[in-house]
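What TrEMBL records for 30-51, 63-86, 106-125, 132-151, 171-190, 202-224, 236-254, 284-302, 308-329, 373-394 is transmembrane segment.
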Amino acid sequence: MIRIGAICCVSQLVLGAALGYGMTFWGAFWATMLGSVLLQIVSWALGTAAAREGLSTSLLSRWAGLGKMGSAVLGGVVAISMVGWFGVQNSVFAEGMLNITGMLNFPIWALITGLGITLLVVAGIKWIARFAAVFVPLFIVAVIASAAIVLQDHSLMEFLNSPHPGPALSFGAATTMVAGGFIAGAICTPDYARYLKNGTQVFWMTLIGTFLGELGMNLIAVILAHATGTNNVTDIMMATSGVLGVIIVVASTVKLNDINLYSSGLGMATMINALFNVKVNRSIMTWVLGIVGTVLSMIGIINYFTDFLTLLGVAIPPVAGIMVVDYYLLKRNRADLEKTRAEGQLPKTVEKWNPVTIAVWVAAFAVGEASSIFSIGIPGLNSLIFAGVVYWIAMKAYASVKKVDVVKFQETDQVL
């Protein structure tokens, strides 16, 4: 249920509407399917490792190719992605308020709502966030109700065969967008999969959550985009379920952005502390990131939503490729993990940096971006496979040059 709830949210509706605006129903269906398969593979592989070791994403990544500093960088990248999501969802909040009130303009509402959520997080006003959390399941109900209203006047077959209402979106770009929409969540699967018993439980948790959430929400959004001829979710909800639907959408963004901003502030503070040994006040960091996210929404990040998802879809998958190869194929730290797991402890040492990881990550990102620019295959899948294959080759070659069985870079006993 946690997995389904994480996917069935406003951001998924925005993604589905973007797909429906630029693709036919069946084009969007297959893009969602393939993107979901990519997410499923990443989630299952990392989640199974976490279930075996009992480690969170932050800890697992330290002994699965990234090292202590690389793990901190990953936390920072995920944090930056959450700031982007804050900007996207704050845009939905602001557009909703503009539609409901008919007052002011979008940039002013984006400023008010963005700074308001930031203040909420900094001040720790939990009751508002808890109240807003009630609207998250109501949001799912509202979306389903909107689809039901649309289908009262139109047949389902009409939408299954209708052309896309907006500019065409390529299959490769769409698949990468689907993967990018939840790739940060897939990378973080170990955070809750570590409590499961085995890979089978992880498989069913990720399969049900990913496919029900992705397919269900995306395809409903595709139908709504075809019915209304727009990819603007507040316009879609206003046209189908009226002011009440918009209010529910707006309220549901409060809880999501509360989580986005809190988590991003924590991740950035941790990265800065790990890399530069500087402790940053979390409140100050939250204000900085909140202002950045607010400015992004004011200048129209939602208009670049496709580019944003494509960026995430090629920047983060390489990490999964590296971690899977390191943990399952190279097994560089498996013996240490198994020994200390039996003792209920962490290994006594961890690599500071893995320079091969950083080089491969950057190269894989470049390959993914080039694939996107020149429309070569599926960019997200290209970056994932490139990272895994090149990392394996590079580590094997390095071991051969050094004449060692297992490559280990400089280690530190400061594992936390």
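A Cβ is built for glycine as well, from the same backbone N, Cα and C atoms used for every other residue.
Counting Cβ pairs under 8 Å to the transmembrane segment (202-224), the top-ranked stretch among 30-51, 63-86, 106-125, 308-329 is 30-51. Residues 86-87, 90-91, 93-95, 97-98, 254, 257-258, 261-262, 265, 283, 286-287, 290-291, 293-294, 297-298 of the same chain lie 6+ residues outside the transmembrane segment (106-125) yet bring a C-beta within less than 8 angstroms of a C-beta in it.
Counting Cβ pairs closer than 8 Å to the transmembrane segment (284-302), the top stretch among 63-86, 308-329, 373-394 is 63-86. Across 63-86, 132-151, 236-254, 308-329, 373-394, the stretch most heavily in contact with the transmembrane segment (171-190), judged by Cβ pairs under 8 Å, is 308-329. Note: the stretches the transmembrane segment (373-394) and the transmembrane segment (236-254) are not in contact (fewer than 3 CB pairs below 8 A, sequence gap of 6 or more).
Away from its own ends, the transmembrane segment (63-86) comes close to residues 11, 49, 55, 57, 114, 117, 184, 187-188, 256-257, 260-261, 263-268, 270-275, 289-290, 292-293, 296-297, 301, 308, 312, 315-316, 319, 322-323, 325-327, 330, 332-333, 336-337, 347, 350-354, 357-358, 391, 409, 412, 414-415 of its chain (Cβ-Cβ under 8 Å, at least six residues beyond either end). Sequence-remote contacts of a segment are chain residues at least 6 beyond its ends whose Cβ falls under 8 Å from one of its Cβ atoms, and for the transmembrane segment (236-254) they are 9-10, 13, 17, 89-90, 92-93, 96-97, 99-100, 117, 120, 128-129, 132, 135-136, 138-139, 142, 145-147, 149-150, 221, 224-225, 227-228, 230.
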